[in-house]
Amino acid sequence: MRLLLSVLLVLVASVGVGLVSAVPAGSSITPPPPIEPIHLLSAPSPSQDSRRPWTRLRDWVIESIWGISKSCSHPHSSSHSSSRDRPPSQALARYGSDVVLRFYPGSAQDAEALAEASEILFLDVWASTPEFVDIRLAEEVISSLLGLLPDSLRTAYTPLIDDLAEMIHASYPTRRSAGVGDQSGFMPTVRQSAQLGDLFFRDYQPLSVIVPWMRLMASMFSSHVEKISVGVSYEGREIPALRLGVREADPEPARPRKTILIVGGSHAREWISTSTVTYVAYQLIARYGKSPEVTRLLEDYDWVLVPTLNPDGYAYTWESDRLWRKNRQPTSLRFCPGIDLDRAWAFEWDGERTRTNPCSETYAGDAPFDGTEAQQLAQWALAQTQSANATIVGFLDLHAYSQQILYPYSYSCSAVPPTLESLEELAMGLAKVIRLTTHEVYDVTSACEGITVSKSTPHVQTNPGSSGGSALDWFYHQLHTNYAYQIKLRDRGSYGFLLPAEYIVPTGREIYNVVLTFGKFLLGDAAAHLDHLDWEAAMATEPEGVVEAQQTLHQPEGGEVAAAADQTEDENENEDEDEEWDEHGWEFRR
């Protein structure tokens, strides 16, 4: 305890230095100004704050480091409604006439026509699922789009978001309280609550907060956490990561260390992917030594978590354009910078399709690995496998949105992965775990299928982003990572990329349980004694403030890990049927 207090006090003493050093060279992010002094021993009245002294000390440290004020409220609270009645002029200028439409293609011909029209008009396709395709466009372009579509599609659409500028404005956390409104950048906020709990997950956080948070985790939990870098971005920012794991001092004989890589933020606007990676990291960190499952997984594997592979683009979404997708390196057209990092990998790269159109949202560059950050991660992964005595056995690439679990291949539906049966088996188990966690349904399919085969719809292909050069295919084929998945997180389109902050924790809980099940599946027979996901124990050990409203959600008591993957497609499609939990395993009785 004394050592921990010493570390915290050192951190507090170095607040000024730490915040300045957290800003990358060349960044326009302005560090938060010095906060007003807070007396360490002062405590609010019991009616206002019932936190224990140690909890108050912890929250005070976090407030001091990141300048979080208790007077700040959640951006969606009514107390700030007056300041959010109308987006600022710059938001109206950029997004004022933009809307999001949802189309319902009924045939392969409809899908092909929609994809072709989207390319001709340089439209932003947000998502493709078995039921719909979401497209962002300016209101004045709607007539042009409809003119390029067949009659069957001209009425087969509905408005999804008709106030995009307002939704974008509301998606940012509120600025700090009065007196610092002239500061650039956004500060993290907290909800009005008797307990501040874990402030970091109360809202989306900018890069200038994420990096110091990662340093803090590595400092406080040095026995099993290490902050590392997997590369440097085009603009010179570090691509930070957390490596979690406990290694033997001198293993005899030396065996390759099995590594599971979890990546978020490849596409800058997908904020929920970045928050989810940090949430999963925090749960694994905090529960090591308390949860037998987590302890075993950190002893048997290294877990490398990269919250944002695209730090330049992520910073740009906070500073300029909330809906920016690509990285920020220049292209042949000065006014169209950026490369799609999930189309820049060397395996089955098909950048010829977009080579002449750098303005495309899926522009793959002029050559494989033209995207700096993709190249950096690939070099790091190769170095780990070739020189660092490591084997990457699992890869989870988090994206948004549409709630899908995708497995290789992305480049072609005619190519069959050699481990298809195992990939589908585990993917079905992961989807079931999510449904048991929050009752949300995630579809399972091959990544090549933007719109997939189902019993209710024909097989149509509408997703222009499903192509070669994906990280998913590269890790699976080049590094022989047998269990590689891309997971598209919440939601199914009500908010799209602008998912409100109150969904950070529920989405994080879904993927945390996915990660536990993923790790146990890889352990195989070695996980026999870890045959229960004890949901009640998991909730009991939940760090303070994380559970909140989720405590009211009924959770099953446990089951066998191996059977979590024993799920058929028919079961996945019948989620609305009455189901009864079998207390002896991961199976349902109907």
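Just so you know, glycine gets a Cβ as well, placed from its N, Cα and C.
Between the candidates Arg325, Arg328, Arg355, Swiss-Prot assigns the substrate site shared with His267, Ala268, Arg269, Glu270, Asp342, Arg343, Ala400, Tyr401 to Arg325. When Swiss-Prot is consulted, the disulfide partner of Cys336, picked from Cys359, Cys413, turns out to be Cys359. Between the candidate binding-site residues, His267, Arg325, Arg343, His399, the densest Cβ environment within 10 Å is the one around Arg343.
Here the C-alpha separation of Glu270 (Zn(2+) binding site) and Cys336 (disulfide bond) works out to 20 Å. The two recorded residues Tyr401 (substrate binding site) and His267 (Zn(2+) binding site) have their Cα atoms spaced 11 Å from each other. A distance of 12 Å separates the Cα atom of Cys336 (disulfide bond) from that of Arg325 (substrate binding site).
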